[in-house]
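What TrEMBL says about this one:
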BINDING   Asn107, Thr109, Arg113, Glu149, Asp175, Asn229, Leu230, Arg246, Asn247  S-adenosyl-L-methionine binding site
DOMAIN    30-301  domain 'CheR-type methyltransferase'
REGION    1-29  region 'Disordered'
Amino acid sequence: MSRTLLPGSDGPPRSAPPPASAARGKDSDSYGGEFVMSDAEFTRITAKVFDIAGIVLKDHKRQMVYTRLSRRLRATGLTSFGAYMDLIERPEGKGEMVQFTNAVTTNLTSFFREGHHFAHLREQVLEPLAKSGKTRIRVWSAGCSTGEEPYSIALTARAAARALASVDFRILATDLDTNVLATGKAGVYPEARAADIPAELRSGALARSGDKVEFSSQVKAMIAFRQLNLLHPWPFRGPFDAIFCRNVLIYFDAETKAELVRRYAEALTDDGVLYLGHSESLLGEHPLLRSEGRTIYRRRR
């Protein structure tokens, strides 16, 4: 997964986030440890996350929030979550607000995750477009996390290199988290993580150094990594021949999901394709998209 969301007042309208569970009956930290996170503090944190990112963090995410923000308390020398929230809401806390956002948004990704999407991209999008004479192809990885998805797209395009020989092919990779974007730009990964890359796609694309691998400069040049808040106006028009937004929508409420899908559809070419995550199927008929396989949707003409 990944995410690419954010600061909120000019984003689409959204309903309020659900309150943290009050089942404990009084403010209490459920997890112990060196800090105490009260129900009121957890509610304040989740409200801030919803406000800036549109992500709904329910009570079962409390342990994750506690663990990640405890690191920020140690880094800032603060002793309470309330004091930390006070800090990020003050003008002098602008830099820490970035760290807060990075900490509470989740990244889970791998190379060639949901491999049927990449087979479809090559066989039903890239090669047919090239054969049709199209000379410019653009793909957007929205919520690119640490870069495994856009690099998988790039390797898929390299596999279709003969068909794409005369095509200007580029990938836009966006995320909210500046830390994960830095990883993607560097293009260096543990060898163990690269094990998911098919052997036939590695030649000329990866160089090994110790227990790490690095993508070649030619592969890196195919991808532009940019910070983006999905909920804000997008600073580009597209259109895109394919958009990957996988395991991102699950973090939004229903209203925001519907709005994002509409915006994605409108950012596609007339025959463009939207790839969603395995648990993000669109229910019923969509006015702008038609199903073309498992979590694969093509723009209606």
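Along the chain as shown, residues are numbered 1 onward.
Using N, Cα and C of the backbone, Cβ positions are placed for all residues, glycine too.
Within 10 Å of the C-beta of Leu230 (S-adenosyl-L-methionine binding site) we count 27 further C-beta atoms, all protein chains included. The DSSP secondary structure for Leu230 (S-adenosyl-L-methionine binding site) is coil. Mean predicted confidence for the domain 'CheR-type methyltransferase' (30-301): the pLDDT average there is 92. Around Asp175 (S-adenosyl-L-methionine binding site), a 10 Å sphere centred on its CB holds 33 further CB atoms from the protein chains shown. Taking all protein chains in view, 23 other C-beta atoms sit within 10 angstroms of the C-beta of Asn247 (S-adenosyl-L-methionine binding site). Taken residue by residue with DSSP, Asn247 (S-adenosyl-L-methionine binding site) is part of neither helix nor strand, so it is coil. Neighbour density for Arg113 (S-adenosyl-L-methionine binding site): within 10 A of its CB lie 18 other CB atoms from the protein chains shown.
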